[in-house]
Amino acid sequence: MATSFSFSPSLSLNTLSRNTLFFTKTIPFSRSSFLPRSLSKSLISISTRRCTFTVRAQSQNGADAVATHYDFDLFTIGAGSGGVRAARFAANNGASVAICELPFSTVSSETTGGVGGTCVIRGCVPKKLLVYASKFAHEFEESNGFGWRYGSEPKHDWSSLIANKNAELQRLTGIYKNILNNAGVKLIEGHGKIIDSHTVDVNGKQYSAKHILVAVGGRPFIPDIPGKEYAIDSDIALDLPSKPGKIAIVGGGYIALEFAGIFNGLQSEVHVFIRQKKVLRGFDEEIRDFITEQMSLRGIEFHNEESPQAITKSADGTFSLKTNKGTVDGFSHIMFATGRRPNTKNLGLETAGVKLAKDGAIEVDEYSQTSVPSIWAVGDVTNRINLTPVALMEGGALVKTLFQDNPTKPDYRAVPSAVFSQPPIGQVGLTEEQAVQQYGDIDIFTANFRPLKATLSGLPDRAFMKLLVSAKTNQVVGLHMCGEDAPEIIQGFAIAIKAGLTKAEFDATVGVHPSAAEEFVTMRTPTRKIRKSQSSEGKSGSDVKAAAGV
C-alpha cells in the first residue's frame, strides 16, 4: 500500500479547515510539486515529465474513499490573457494542462469567443488599432503649420481599416494557439461547464482535473430600456460594416471616451451622454476636467447628467435617444458603453458551490481561490482590477501558488493604467482625493502647458501633468498625465512610484529635453499644499510654461 500523508493545497492560505487531501501517487520532482522539499525524496518516486494525481478524500468516519484519477492537473476555462498565461506557465512547470475556449468571432456571444480573449479580439488591440487610424485626421491638421500641403482632402476607407484589423486579429489568435501548443497545453474548442469541484464538461465530454481555473472575462452590458435592440456595444462598434455618420455614446467611462475619440477622429459627429456631472468616475478630478475640455475643443459634444430612457427608430432609419432632459434625433448609431459584467452565466458555478457577488463576479481570496478549494479564478471574471496586465499578473501568481510551492498573492500596489482617449491619459498611484484621505498632508505639483508641437500647428492642444507628494515622507504617491504619449510616459514613471521614490529623487533626475516627460522631474514649486488643519495653502494658478524648457 502506498504511503499517504495529510496535505492541503492551500496550506499557507489558512484553509486547512476547508480541505484535507491525501496524495498517494507519483509526482514529478520539480517546483510544480506541492510537497515540502524535506519530504520529496523520501515519499515520492520520481517521474521524468508529468505528474498524475491520485487523491483519497477523507470520509467522515476516517475511512478512505475510492481513489480518483484526474485527466489533468489544471483545466482552464477561458483562453484570454489570464487563462493563457496560467495554462502556459503551469505546463512549463511540468503540469498537465488543458484549456477550453469558444470558436473565434469578433463579436462575443454565448456560443462565440476565440483564443486570445477580449483584449486580443475585441478590446485593447483592435481598439488601439482604430485609435491609430483616427489620429491621422488630427495629424493632417497639425501638419499644415509645418509646411505640408495637400492637393485634395484625405479620405478614409472604413472597409479597408476593418478588413486589415480583422486580418491582424486572426494572426494574433494563431500566435496564441501556437504558444499553447508549444507549451504542451491541450486546447479544446467549445463551451466549458463545471459539473463538480473536479469535473468540466465541454460539448458533452467530461474531463477531470485536480484544479479548475475560471478565466472567462466579462462582456458588455446594455441596460434594459425600450428600444435597447437598436443599440450597439463595444464589440459591435469595433466591427461595423460602415462608419457612423452621427453617433450617440452612452457612458462616461474610459471605453466611452476612447470610442468618442475614435469616431470623432474619423469625422463622425459624436455626442456623449453621461449620467453624472463628469466623465471618468474614480479618476483624479483635475484630469476629469481637463480631458472634457480638450475633447470638447475637438468637436465632441457632452451631455452631462442625462440618463437614457428609450431609443426609437424613425422612418428614415435614424435613431432618437430620449433622456431625462429631452430627445436628440438623427443618430445613425447609438452605442452603450455602460460597463461590463463578469461572464459567469451557464458555467455551473452555483451548482459546484462557487460563491458569486451580486454583480455575478466570482468571489476569491487573496490567492484567487474560490469558496470551492479546487476551483480558482483570475481576470475580469473576479471584478478586481479589470486590466489585461493585471489578469496576467494574477495568472502568474496562481501558478506560483499551485505549481511552484510558493503561495503568492497578486500585488495590486501602484498598478498603472491608461485611457486611449484623444488626448490620452496615463496614471499611477493615488488620486488627489485618495492621497488626502490616506496621508492627510499633501503637496501638489501641476503643469498645464502648450506642447512644443502646438506652437507651430496652431491648434489649441495642451498637456496637463500632476504629482502628488506626501508632505511627511516626501514620497511621490500619485502621478497623472493627460497629453500626447501619456501612456508611454507613465509606464516608465510607474517603476519609480512602485519603488517608492521621493520628490527629491525625482528632482535629482536629469530630464530629457525637449520632451513633455521632463516636466515630471522639473516641477519645483507646489501649486498648492493641503494640510489636515486647513483645506489648502499656497494656492496658485495653473503652471503655464513655455515649451522652450525655461
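Note that the numbers count up from 1, one per residue, in the order the chain is shown.
Using the three backbone atoms N, Cα and C, a Cβ is placed for every residue, glycine included.
Marked as domain 'FAD/NAD(P)-binding' by TrEMBL: 73-395.
According to TrEMBL, the disulfide bond annotation covers Cys119-Cys124. Cβ neighbour count for Cys124 (disulfide bond): 18 (other Cβ atoms within 10 Å of its Cβ, all protein chains included).
Under the heading FAD binding site, TrEMBL lists Lys128, Gly192, Asp380.
Under 8 Å, Cβ to Cβ, and six or more positions away along its own chain, Gly251 (NAD(+) binding site) finds Val272, Phe273, Ile274, Phe336, Ala337, Thr338, Gly339. According to TrEMBL, the feature NAD(+) binding site maps to Gly251, Gly252, Gly253, Tyr254, Ile255, Ala256, Leu257, Glu258, Gly339.
Per TrEMBL, the feature domain 'Pyridine nucleotide-disulphide oxidoreductase dimerisation' maps to 415-523. On the 0 to 100 pLDDT scale, the domain 'Pyridine nucleotide-disulphide oxidoreductase dimerisation' (415-523) averages 98 in the predicted structure.
Summarising the environment of His513 (active site, proton acceptor), the number of other Cβ atoms within 10 Å of its Cβ, over all protein chains shown, is 10. Positions annotated as active site, proton acceptor by TrEMBL: His513.
What TrEMBL records for 526-550 is region 'Disordered'.
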Can you figure out which of Cys119, Cys124, Gly253, Ile255, His513 (the recorded positions) comes closest in space to Gly192 (FAD binding site), comparing Cα atoms? Cys119
Restricting to the chain of Cys119 (disulfide bond) and a gap of 6 or more, list residues whose Cβ falls under 8 Å of its Cβ, or answer none. Gly80, Ser81, Val125, Thr388
Under 8 Å by Cβ from Lys128 (FAD binding site), same chain, sequence gap 6 or more: Phe420
What's the CA-CA gap between Cys124 (disulfide bond) and His513 (active site, proton acceptor) in angstrom, rounded? 31
Roughly how many angstrom lie between the C-alpha atoms of His513 (active site, proton acceptor) and Asp380 (FAD binding site)? 39
